[in-house]
Amino acid sequence: MHLSYLRVLSLTCALGFRVVPTHAILAQPNEKPQNDVQVLILGGGVAGIIAARSLHEKGIDNFKIVEARDELGGRMKAFQFGSPGKQVTLELGANWVQGTQTGDGPANPIFELAKKHNLSTQVSDYYDSMTTYDYTGAVNYIDTFNKAIDAYTNLTIVGGGRVPNALVDTTSRTGYSLVGVKPKTAQELASEYYLFDWEYAQTPEQTSWIASSWANNFTYDPDQGGFSDGNLLSIDQRGFAHLIKAEGDEFLKPEQILLNTTVKSVAYSAHGVSVTSVNGTKITADYAITTFSLGVLQNDDVTFEPSLPEWKQEAIQSMTMATYTKIFLQFPDNFWFDTQFALYADRERGRYPVWQSLDVKGFFPGSGIVFVTVTGDYSQRIEALPNSQVQEEVLGVLRSMYPNVTIPDPIAFHFPRWFEDPLYRGSYSNWPSSFVSDHHENLRATLQERLWFTGEAMSQKYFGFLHGAYFEGQATGNSVADCIHKGGCAGLPHVEQVHNASPYVL
């Protein structure tokens, strides 16, 4: 009887039929199917790669990173800029290591990665390498600028002090007023912009006083547990993303990365997660870690099945996705300031205010490249305009700064449209005053103990920063690994309804 079975088995296999083992036929009908991988990581930026590294370090390599672009790096996105023969690799997105290390104190992990992978950087002298202009031309208002530095420092000290006293949050505009700072002139407003908007990519009116203070203090103030007040600009011709790609190269295998795959929908249940791409590819996993930007979540560029619960949607819609836009110009010859930075005070606050020269020692001398940054609503405004109009506006500002110089058209001109890009819908998150800690807990909370959310927006201390993405990716990867090793876990909790600390009285 046994020999007859073996002969039948051999013949059946030879004919190409699949033999189903007896134990499979007798399996329980409710037994869950085997998923394709243990963990899907949706997005190959800093958070995604560090989450993958955390899984790997805990012995879990049955994961796959799904990335929409043709390379890893996320919002660390380099491009070739300039006319033929004068091209330079520059950064459209993340560009700085913000906060490094003070003595043997805590080190920014992005700084550590930059050192480990020999990234070429240059110190950005935010305050001492500055030339000032307004709409009449070159005007020295460094004294006004220095007062704005002091005002911002005071803003963060007093704002941070509200936390231990359990005081209500307000906007940073209210905070400025309460510390006695009410800028009125174009020069005062431009100086405030440089200290505030240029960091958070939104105005003081749009930004939490407490949250902006702790984001600053936890990054830049060693007395508050921060790293340092130093900033390094990447000038590496491999691109800033080299540091995270090189880190991934140490443990990632080709079969663990799926590029050029945009996620269309995510279905989740207590049994796992199923992800469908825009080209119809479907992958299932026991767990999924989403690293989608806050902007993508807000704009429903990815659909969830079932729909996200109301408490999760409220949290997503209550935070803000800000936009930070660098506008690059290359000229045949350098005619501008010889400092790293220049500040332009226009009659309209936020109109092409912060200028940076790359045609200076230590950066790219002889390149003829300068760029100007706009943020927030102004970024959204210029994204709706044709390149030609934006170029003319920028040249008009340069002609106001240099009324006695004949300024030619640039030989190269470019700026990104982060807000319009369906992969990002902005540059990085910002915390408005109406967004409370319970909202943030809900932003991070898991669904069905299987679907996890991570990225810079999920970092309470470091939202908007690359190191925020790093820390969140690390924590999420470790948590999912622990879940797998334990055979399940409760995930991160949520608050069903977010209430006021005290009720409104009518």
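Each Cβ is built from the backbone N, Cα and C atoms, and glycine gets one as well.
Taken from TrEMBL, the feature FAD binding site applies to Glu67, Ala68, Val263. Take the CB of Val263 (FAD binding site) and look out to 10 A: across all protein chains shown you find 24 other CB atoms.
Taken from TrEMBL, the feature domain 'Amine oxidase' applies to 46-475.
According to TrEMBL, the feature signal peptide maps to 1-24.
The 10 Å shell around the Cβ of Ala68 (FAD binding site) contains 21 further Cβ atoms across the protein chains shown. All protein chains considered, the CB of Glu67 (FAD binding site) has 25 other CB atoms within 10 Å. Across the residues the record lists as binding FAD (Glu67, Ala68, Val263), the two Cα atoms farthest apart are 8 Å from each other.
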